[in-house]
Amino acid sequence: MAAPVVGDADLQSVRRIRLDVLGMSCAACASRVETKLNKIPGVRASVNFATRVATIDAVGMAADELCGVVEKAGYHAAPHTETTVLDKRTKDPDGAHARRLLRRLLVAAVLFVPLADLSTLFAIVPSARVPGWGYILTALAAPVVTWAAWPFHSVALRNARHRTTSMETLISVGIVAATAWSLSSVFGDQPPREGSGIWRAILNSDSIYLEVAAGVTVFVLAGRYFEARAKSKAGSALRALAELGAKNVAVLLPDGAELVIPASELKKRQRFVTRPGETIAADGVVVDGSAAIDMSAMTGEAKPVRAYPAASVVGGTVVMDGRLVIEATAVGADTQFAAMVRLVEQAQTQKARAQRLADHIAGVFVPVVFVIAGLAGAAWLVSGAGADRAFSVTLGVLVIACPCALGLATPTAMMVASGRGAQLGIFIKGYRALETIRSIDTVVFDKTGTLTVGQLAVSTVTMAGSGTSERDREEVLGLAAAVESASEHAMAAAIVAASPDPGPVNGFVAVAGCGVSGEVGGHHVEVGKPSWITRTTPCHDAALVSARLDGESRGETVVFVSVDGVVRAALTIADTLKDSAAAAVAALRSRGLRTILLTGDNRAAADAVAAQVGIDSAVADMLPEGKVDVIQRLREEGHTVAMVGDGINDGPALVGADLGLAIGRGTDVALGAADIILVRDDLNTVPQALDLARATMRTIRMNMIWAFGYNVAAIPIAAAGLLNPLIAGAAMAFSSFFVVSNSLRLRNFGAQ
């Protein structure tokens, strides 16, 4: 068992403590726990009803003390541990809760059908009452209103002990009141009254409310069952992500033997073996072997990536072929995989401003409903209605009110969206991104590592004079690569990579800031700046001169290759644009967004890249702090700015923007600075991430409109006597079901 996220040391510093809170049944419960915690000096708490997690920033308090405060409020709490994140592949509390509810629901539904039929018959047609009819109805109703409804009664009793109320209080009081009134009517001395029409069984004939008590139980259980099942589905994406982690790992011993141990016991710098079909157990560096690695489950990237010795690999990915010996560089909770799982869970436990308002309303909702129900019943009595009619109205108000929908409106949408985003390689860190996204009008891109692959490559080879054959081209590239193979310059690596098999070099000489030279296969070869290569013999070849001018106008680097004193070729070296760059920029512009490029390159290079990918404007010669200044100036002009970068030298810009998107594998700076992490190194995920955020906000707004609108409309209708309690109970259950089901539509986001 892992230790709690926050220890007990250094109590005087502000520490973030996370607690699992059990026993909350509605948003009012979450609001009550949050209020209790926030009353403590030095404590700032946020309680999420959907995830049952309390996030607390506390000074001078240990986790045990905070758990005690929650216990006094009538709920159970325990420190949230890292294992509750990483072991989600085996833990599905909502699924288990749904199964428990289903058992009660099935029994209640089976008994409710004959109970409803007989209650209606006996109420409408008293002459149909057989001897012992009251005992028959009581026998059918008793298991439903006691055992099946016990989850509501138990919470209501616990609330009563702590002098609080919740949604369960409304339900339990409604069930108990309907049952007591019915038993009094059935076994009392009231003479039977004939009625006509099914509604008279509820409104004006004998007051047999047993089917109402049982019906409310059935409908609410059904609503809670579907709600729990839907929340289980909402968390399935996170469990699927956690499932990617390896369960066991084969550790390589010093004598070459292998020892299989649980992956949780793997230590940093230990070497382990991964074979085809196996999951890499930790982040690490390949020591031996070569293999294609399937990154799709982690990043959504369909194309396998080939790993060689010295290559970095990510835990949670799968080896497709070959055998790899890997040295672990990060294990357990320190891996990139674990960090991404934490990002998803943390996003699910945060609250939006709208949700805080909803929770505040839910906190006072239940007492207000009791007052409204009492006033409605009293008003009907004062107006001359009978006690039966007044009771029916009071009961209808009690059972139709539903703060649950308010509490579920935002977190269920966020749970589904963050889970779906994880499947697509998009990690939304919190509600800041969602609340900002709708006003974004400008997207700023870093160049190196964001629009480009971040690696220099030979983009063009221009031959001099008549040497235009493929054989001549390969020969010159081979000679240049042979000389450059002895150099450590970044451009040298690009030239070497362009030739499949460079030969050996002798007499290598490097001239700082100019170029290199050496003897290759009996030829004297020089590679370097055009001005250095032509220092003794000017080059007048039209093709080479044109290639030089064109390359330099685009901001690319041009080098000449001289063989035995004759300039043979011009090589253009540039950072290659990503294949997805132009399509991603076009997608953003089609959404009405302005695009800007920020780069440290010169003006020519910046304009060339902007033109190639279709960016509206470019700002050149930027230092990292200069990027922050540009973003700040845009914001002062009234623009809402999103910054897309790789987190390597643009961390401050990611923080300074209204919305930061870090693309690529994600450095520690990026994980801390960005609002959205795009794990897949594909720029098409930028518009996709913005679309997902917008879709999530639309869903949240729809949920909130429904939740508020339902209660605003339903309670007055019930108080006016226009709904019988049975239909009121069904409507209350449906309100929560609608919110959760609407959120589940986000599971299909991005599906083709």
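Backbone N, Cα and C define each Cβ position, glycine as well.
Note that this is a predicted model, so its numbers are computed, not measured.
Swiss-Prot assigns the feature transmembrane segment to one of the listed ranges (167-187, 566-586), namely 167-187. Between the recorded positions C29, D446, the minimum number of other C-beta atoms within 10 Å of a residue's C-beta occurs at D446.
Remote same-chain partners of the transmembrane segment (491-511), defined as residues 6 or more beyond its termini with a Cβ less than 8 Å from a stretch Cβ, comprise 455-458, 461, 474, 477-485, 517-521, 527-528, 532, 557, 559, 571, 573. Distance noted between the C-alpha atoms of C29 (metal cation binding site) and D446 (active site, 4-aspartylphosphate intermediate) is 46 Å. Residue counts of the domain 'HMA' (15-78) by helix, strand and coil are 22 helix, 24 strand, 18 coil (DSSP-based).
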